[in-house]
Structures are given as structure tokens and as C-alpha cells.
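Listed in TrEMBL:
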{"type": "DOMAIN", "residues": "336-569", "note": "domain 'ABC transporter'"}
{"type": "TRANSMEM", "residues": "23-40", "note": "transmembrane segment"}
{"type": "TRANSMEM", "residues": "52-71", "note": "transmembrane segment"}
{"type": "TRANSMEM", "residues": "91-113", "note": "transmembrane segment"}
{"type": "TRANSMEM", "residues": "120-137", "note": "transmembrane segment"}
{"type": "TRANSMEM", "residues": "157-174", "note": "transmembrane segment"}
{"type": "TRANSMEM", "residues": "204-226", "note": "transmembrane segment"}
{"type": "TRANSMEM", "residues": "238-264", "note": "transmembrane segment"}
{"type": "TRANSMEM", "residues": "276-297", "note": "transmembrane segment"}
Amino acid sequence: MAAAVLLIAVAAALFGSTSMQRVVAHAAVMLSAVLALQLFSGNSRIVSFGHAAFMALGAYTVGILTLNAQLQHNALPQLPTLLADLELSTWNALIVAALVGAIAGVISGATLLRLSGSAAAIATLAFLIIVYTLLAAAREITRGSQPFYGVPRDAGLWATALFAMLTLVITRTFRETSWGLAARAAADDEAGAIAVGINPRAAFFFPWVLSATLAAVAGGLLAQVLGAFTPHTFYFDLAFTLLVTLIVGGMGSSLGALAGLLATTVLIEVMRQVESAVSVFGLTQSALAIAMILVIWRRPEGLSGGLELNLLRRLGKQPAAPVVPMEVKRANADVLRVAAVTKRYAGLVAVSDVSFEIAPDSITGIIGPNGAGKTTLVSMLAGHVPPTDGKIHLGETAVHKTAAHRVVRAGLGRTFQNIRVFTRMTVLENVLSAARGVHSNVAAAEEAARRELARVGLLEQADALAGSLAYGMRRRVEIARALACEPTFLLLDEPAAGLNPAETRELMILLAAVRKERGIGIVLVEHDLMFVMQLCESILVLDQGRLIADGTPAEVQSHPAVIAAYLGSRVAAKSLATNQPSLNPVAAGSN
Ligand SMILES: Nc1ncnc2c1ncn2[C@@H]1O[C@H](COP(=O)(O)OP(=O)(O)OP(=O)(O)O)[C@@H](O)[C@H]1O
């Protein structure tokens with residue numbers, strides 16, 4: 001695609017008229033602006049109306065800084081002395097525009113990105129309105145609603161085409177950097193992202209600032225292509241056109257920006273002809289709106305269908321070297337200590353005064369009837385739910401006081417009762433999003449991710465979208481992702497739920513092997529008592545939030561309080577009574 005942009009620019013330079021060259025330069029600027037928008041919205045899945053505002057800031061910055069001194073005295077007689085008579089070169093003015101965009105991105109991002117989803121999208125609209133109002137009000141600097149004219153048209157075809165190519169390379173590369181992976185993971189599943197150590201708000205901040213910077217430069221170039229503009233040039237119509245272009249082309253890929261630009265340019269031109277022929281105005285924006293609705297309805301991934309450019313080495317597309325599962329021996333002395341932990345929800349006590357210790361390199365089961373507080377307890381161990389009272393320590397780390405996304409770095413990896421893989425990312429990217437938090441070296445992170453996939457038997461599926469996998473495989477992706485965090489303890493919430501007996505058996509062997517190879521402690525919540533009794537060395541039993549038993553499978557099975565708690569479920573009580581700890585694959589040394 002970069003070559004296509006270059007080819008069009010060369011053809012226009014060699015054979016095109018001046019007006020044709022301006023059309024191509026304008027298209028190149030629009031492509032840069034849509035790509036800048038794609039960098040943020042495509043990765044964060046937050047629709048932004050604010051990028052037109054960054055373009056406006058860039059346009060006025062370049063306009064003011066490059067204006068001829070004489071013209072400036074006439075058009076802007078009240079310009080503050082700080083800005084008067086500056087007359088910078090185009091390149092220097094564009095650098096200042098980039099800085100202005102970055103600063104505006106930092107300031108707006110610090111507030112806007114405290115919100116998420118549609119609330120954040122609405123906040124970007126408010127940002128656009130604020131910037132428009134300020135530009136229209138600052139008459140001394142911008143000429144208010146009057147046209148800002150006389151901007152030298154120095155940045156022509158080459159500058160705009162080069163910037164479009166640069167933006168394309170940045171946008172395409174970004175999605176595979178650790179920032180890109182973090183933003184896409186947080187957009188896909190916030191809790192899943194936190195579980196691999198990603199702070200969702202921070203994950204969106206960098207793409208916002210980077211895309212604001214690029215959009216401001218695109219605005220500066222547009223100022224030079226147009227020569228004259230008003231705040232209205234960068235208002236709703238532009239924000240709407242940028243969004244429609246991206247949505248029609250496909251938000252998830254850089255190719256979508258080009259496909260969208262081609263489609264909307266053709267549509268706009270056709271509708272303009274129709275408008276002037278029938279003398280009915282407003283048809284263009286209506287046609288764009290209808291095109292957007294049709295795409296959202298019939299083809300949510302846009303015209304590009306989510307396909308990405310093969311501009312650079314694609315993750316997972318390289319010939320996969322055979323990965324030998326690495327035997328990693330860990331000697332970790334961190335003990336997981338839970339002291340008098342309670343969780344209350346508005347009058348309901350989900351977990352009540354629970355205390356226990358779990359040794360590293362052990363497999364512990366947490367069982368109990370429905371609503372006993374098992375998931376709440378695991379969520380507190382993982383730092384996702386703060387306890388109302390009590391303390392949780394992993395070694396020296398006070399888990400109860402640590403932000404959830406930092407708990408994983410302390411050594412507590414987790415999976416969820418309702419699987420939380422990143423469905424729009426590939427299987428490899430899912431695991432890589434965790435591995436990049438551990439390995440700063442890209443190659444080492446990818447090797448670690450592939451090793452974990454080999455460990456759970458999913459290397460063949462590395463390039464498949466996680467959302468396309470069967471249920472049992474998704475569970476294994478989640479386990480590989482948690483393992484890639486290199487935890488001291490792996491917390492698994494109902495890992496066998498929804499699996500068939502063969503898959504359950506495989507999972508049991510996998511967990512036993514992981515513990516044996518790496519010395520990772522495993523804590524699992526499970527309703528399948530056969531699974532728990534066979535796999536675990538010690539078992540905690542919860543009932544109505546209280547810890548009613550703590551011991552070996554044999555001890556727990558014969559504990560009167562446990563039998564009483566399970567009497568409500570005849571099947572569970574029978575299962576509890578008949579399971580044989582001797583079937584334990586750990587004890588048998590199976591792997
Ligand atoms: N976020 C929440 N807000 C309010 N109540 C909650 C919340 N999470 C859990 N609870 C309540 O806390 C109690 C314990 O729930 P929890 O999910 O921890 O039990 P569980 O043992 O994991 O149940 P199950 O085996 O059915 O998954 C339940 O009564 C539940 O309704």
C-alpha cells in the first residue's frame with residue numbers, strides 16, 4: 001500500500017496538472033488523517049470525533065507560523081507579540097504542530113481516557129466542540145469564524161505523500177508493538193487485560209497521544225494544501241467524514257483506511273454531481289451516513305474485512321520453527337497467606353473471615369456449593385476484588401493493597417470462570433500480550449509465547465483468531481496466557497467447566513505437568529469433584545462464605561461439615577464419597 005501511495009504520487013507529479021496534483025495531495029492528507037484515527041480507534045475500539053480537533057490545532061499552528069509577515073500584519077493585527085513575525089519554514093512549523101498535537105493529546109487524554117466505551121466517545125465529541133468554540137472565539141489569533149487565508153502552499157504532493165507513507169508505516173507497525181497489543185487486549189476484554197498486567201486506561205493513553213500528534217501534522221499539511229480555512233473546516237463534517245471513511249473501510253486495519261478513502265471519495269464525488277444536477281443539497285452527508293449504516297449492518301469489519309497489510313513481517317506468519325517445550329525449574333519460596341479475609345456486598349457476606357496458607361509448588365482445590373464464595377475468594381487472591389477486611393500476602397507483596405494489573409507481576413496469574421480470551425486477536429497475540437509484560441526483548445517474548453502454546457498443544461492454532469476456537473481450546477489459550485506471565489501461583493476458576501471427559505483428563509495431565517516442570521503452585525476452583533480429588537493435594541471447602549474444612553482429599557471427604565454442606569446435592573455428595581485420591585496423576589507422576 002505504501003508503494004501504491006508512492007506510485008500515485010509519482011504518476012500525478014509526472015503527468016498530472018496542478019489541480020490534479022492538489023487533489024492527490026488532498027487525498028494523501030485525508031489518508032494520513034484516517035490512518036491517525038485508525039491508530040487510536042482501531043486499537044482501542046473507542047470511536048473518536050476528536051481527531052478533527054487535533055487537525056484544526058495543527059492547521060492553525062502551521063497557518064500562523066508560516067504566514068508571510070506583511071500578510072500577518074494585515075490579517076492578524078492583534079496577534080500576540082509572542083507569535084508575531086515568526087514566519088517559520090514549513091518543516092519547522094509542522095514540527096511545532098506535532099508538538100501542539102502531542103500536548104493537546106496529553107491534556108485531553110488525561111481526562112477523556114478516565115472514561116471507557118461510549119462514554120469516552122461522547123467525551124471526544126465534547127472535546128471537538130470545545131476546540132471549535134475556542135478557535136472561533138480567539139479572533140486575535142485565528143480570525144474567528146472569518147477565513148484564515150494566505151497560508152503558503154509549500155507542502156505539495158511530495159510532502160503529503162511522504163507523510164501518508166510514514167503514517168501508514170507507524171500505524172501498521174503500532175498494532176504489533178507492546179503498546180498496540182496492550183490497547184487491543186484492553187479493548188477486547190478489560191478484565192482479561194488486567195489479568196496479564198495491562199492497565200486499561202494507560203493502554204489507551206499512548207495511542208491517543210500518538211494519533212493526536214499525527215492528526216495535528218495532517219491538519220498542518222491540510223492548511224497548506226487548502227491555503228485558506230475556518231474553524232468550520234475542521235468541525236462535524238470533517239469528524240464525521242473521517243469516521244465514516246474508517247468505518248466503511250474497516251476500523252481494525254490500516255488497509256481499511258485506504259479502502260474507506262477510495263470508497264468514500266468516489267461516493268462523495270458522485271453525490272456532489274447529483275447535488276448540483278438536482279439542486280438539492282445535503283445529499284452527500286446523507287449518502288455517507290447511509291453507507292456507514294449499511295456497512296455496520298451488513299459487514300461490521302468494513303470493506304477490508306479486517307484484512308491487514310503485509311507491509312512488515314506479520315506475527316505468526318513466519319515459518320514456525322519447531323518449539324521444544326522448555327523445562328523451566330523454579331525455586332520460589334513465596335507462600336500465599338490469607339489472613340481473616342472478608343468480602344461484603346451491601347449486607348451480603350460473600351466471604352467471611354477466611355484464613356489459610358498455601359505453599360508454593362502445590363496444587364490446592366477450592367470447593368463448595370453454589371454461592372459459597374469461591375469465585376469471590378479467587379478474585380481477591382488475584383487482586384481483582386479488594387477485600388472488605390483482612391490481608392492477603394504473596395511473600396512480601398501485600399496483594400490486598402496492590403492495583404489489580406500489578407498483582408500479576410507479583411506472581412499471581414489467573415483464568416476466569418467465564419473465559420476471557422481476547423477474541424479479536426490471534427491465539428499467538430493473546431499469549432504475546434502477556435509475554436511482552438515479562439520480556440522486554442521482542443524475540444524472547446515471541447519465543448516464550450510459542451513455548452506456552454506448545455505446552456498447551458495449540459502451536460498449530462497460533463495464527464487463528466482466538467474467537468474462532470472451540471470452547472476447550474479457548475480455555476487452553478487462557479491457561480497459556482496466564483503461564484506466559486510466569487506466575488508463582490496459577491489461579492484457575494472452574495478450568496474444567498464445559499469440557500468433555502477427554503478434555504478434562506487432558507487438562508488434568510497438563511496442570512500436573514506444568515506444576516511438575518516449573519514448580520508453579522496451582523489454586524483451582526472447581527465443581528467437578530472427581531477432577532479436584534484426583535488432582536489436588538489439599539482442598540479448602542467453603543460454605544456460605546466460611547471456610548469449613550482444609551485438608552487432604554481423604555480428610556475433606558470424610559469431614560462431617562463438608563458432607564453436610566454437600567447433602568443438598570445428592571450427586572455431589574455421592575461423588576465426594578466415592579472419589580479415590582490414589583487416582584491423583586500428580587502422585588502417579590503423570591505428564
Ligand atoms: N459483584 C458482586 N456484587 C454483589 N454480590 C456478589 C458479587 N459477586 C458475588 N456476589 C455474591 O456473593 C456470593 C458468592 O458468590 P461467588 O460467585 O463468589 O460464589 P461461588 O462459590 O463462586 O458460586 P458458583 O459456584 O455458583 O460460581 C453470592 O451470593 C453472589 O451472589
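Cβ coordinates are placed from backbone N, Cα and C, and glycine is handled just like the others.
Curation does not apply to TrEMBL; its annotations are automatic.
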Selected stretch (most C-beta pairs under 8 A with the transmembrane segment (91-113)) from 120-137, 204-226, 238-264, 276-297: 204-226
For the transmembrane segment (120-137), sequence-distant contacts whose Cβ falls under 8 Å of one of its Cβ atoms, 6 or more beyond its ends: 46-50, 52-53, 56-57, 60, 104, 108, 111-113, 144-145, 204, 231-232, 234-236, 239
Other parts of the chain folded back onto the transmembrane segment (204-226), taken as Cβ under 8 Å at six or more residues beyond its ends: 22, 25-26, 29, 32-33, 35-37, 39-40, 43-44, 46, 48, 50-51, 54-63, 66, 90, 93-94, 97-98, 100-102, 104-106, 108-110, 112-113, 120, 151-156, 159-160, 163, 167, 170, 174, 179-180, 183, 186-187, 233-234
Result, the transmembrane segment (276-297) in contact with the transmembrane segment (157-174) (3+ CB pairs under 8 Å): no
Chain residues outside the transmembrane segment (23-40) and at least six past its termini with a C-beta under 8 angstroms from it: 5, 8-9, 12, 16, 46, 48, 51, 54-55, 155-157, 160-161, 163-164, 167-168, 170-171, 174, 204, 207-208, 210-212, 214-215, 217-219, 221-222, 225-226, 242-243, 245-246, 249, 251, 253-254, 256-258, 260-261, 265
Mean predicted confidence [pLDDT] for the domain 'ABC transporter' (336-569): 92
